[in-house]
Amino acid sequence: MGAELDVSSLFNVKSVLAKPIATVGIALLLFGFYALLFGQLLHFLWTRPNVINRRLHIIWITCLFVMATTTSFVSLASSIEDAVVYFRALQTQDLDPFFTYLGPSQAKAGITGAINIGYVVTNCIADSVLIYRLYAICGSRRRAVAFPIVASVVTNAFGLATAIMKVLSIKINTLEFVMKTVNYYLGYYAANAAVNGMLTLMIAGRIWWAARDARRGTSSHSSISKEFKTVIAMVLESGIVYPTVLIINVALIGNGSQLDIIVDLGPAVTLVAGIAPTFVILWPYITGYVQEGQLENKSVSFHLESTQVKETNEDKS
């Protein structure tokens, strides 16, 4: 009877059933959205052979998609396995298999390493896409991206070290080391949010500066301003999603003991890491900013490798 009371206090319907269902549901919803974005962008790239650095971007977004989805699905599989073990313990009232599962094992260490290192690699690819776009719109000036590169390298190096610590925490299996590792990983999430937020603001700021220069050289101030504002809003809206999800995840994990959490955002965070830069690249096609012809009084060129907007006056008849 004592075992039954212990099991009842350890497990409940939310942790055993609701949490994995919510986790899988959110991740699959995001995966469907991501697959749609990836397929659409791949179609645009494949059907426009004149896009500058087309092959590079195809490789980039494909690697990002494969890495993000693979890591997320491995994380989902691990969550489902956890739920199955918890459910069996609750159903059979036998805690021995449960405690054996919680103990150190090579398989669990390998899965943990794949999930956490995979996330770091996904984040590195996503950062490189955003940094390259910043480099392009700043006129290929290395100074403009020097600090973002250093910040990204330092942050992801810290993330890699933390991922290794998480693998070691399974083997060491002490509460003190596990809690220290969790705190470090929360720090990595927070630093990641700061770096991505900085990149988003720098890209949007550079576009705003280009809009400011463009308004000086044309009489159509309102038209140019509206189009540039649309681009800036697009960058901010799509780029700020990932830092926001990271902050929410940090808040949920950090306050897990006070909150009755019924979802694990880990798989979703990895997918959003891939969705954000993919959406930034795809949005100009959707909104009609990628075009080769002339607009009424200007031509707007929003190449894939650059968010520069180039303006030329129409030849007067």
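Including glycine, each Cβ sits where the backbone N, Cα and C put it.
Straight from TrEMBL, the features:
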type	residues	note
TRANSMEM	20-46	transmembrane segment
TRANSMEM	58-80	transmembrane segment
TRANSMEM	109-132	transmembrane segment
TRANSMEM	144-165	transmembrane segment
TRANSMEM	185-209	transmembrane segment
TRANSMEM	230-253	transmembrane segment
TRANSMEM	265-286	transmembrane segment
Contacting positions for the transmembrane segment (109-132) when only residues 6+ beyond its ends and CB under 8 Å are counted: 60-61, 63-64, 67-68, 70-71, 74-75, 77-78, 145, 148-149, 152, 156, 159-160, 162-164, 166-167, 170-171, 185, 192, 195-196, 199-200, 203, 239, 242, 266, 269-270, 273-274, 276-277, 280-281, 305
Among the ranges 58-80, 144-165, 185-209, 265-286, the one whose Cβ pairs under 8 Å to the transmembrane segment (20-46) are most numerous: 265-286
Beyond the flanks of the transmembrane segment (144-165) by at least 6 residues, Cβ under 8 Å: 113, 116-117, 119-120, 123-124, 127-128, 131, 134-135, 138, 180-181, 184-185, 187-188, 191-192, 195, 198-199, 202, 206
Cβ-Cβ under 8 Å with the transmembrane segment (265-286): same-chain residues at least 6 beyond its ends: 23, 26-27, 30-31, 33-34, 37-38, 40-41, 44, 57, 61, 64-65, 67-69, 71-73, 75-76, 79, 115, 118-119, 122-123, 125-126, 129-130, 133, 189, 196, 231, 234-235, 238-239, 241-242, 245-246, 248-249, 252, 302, 304, 307
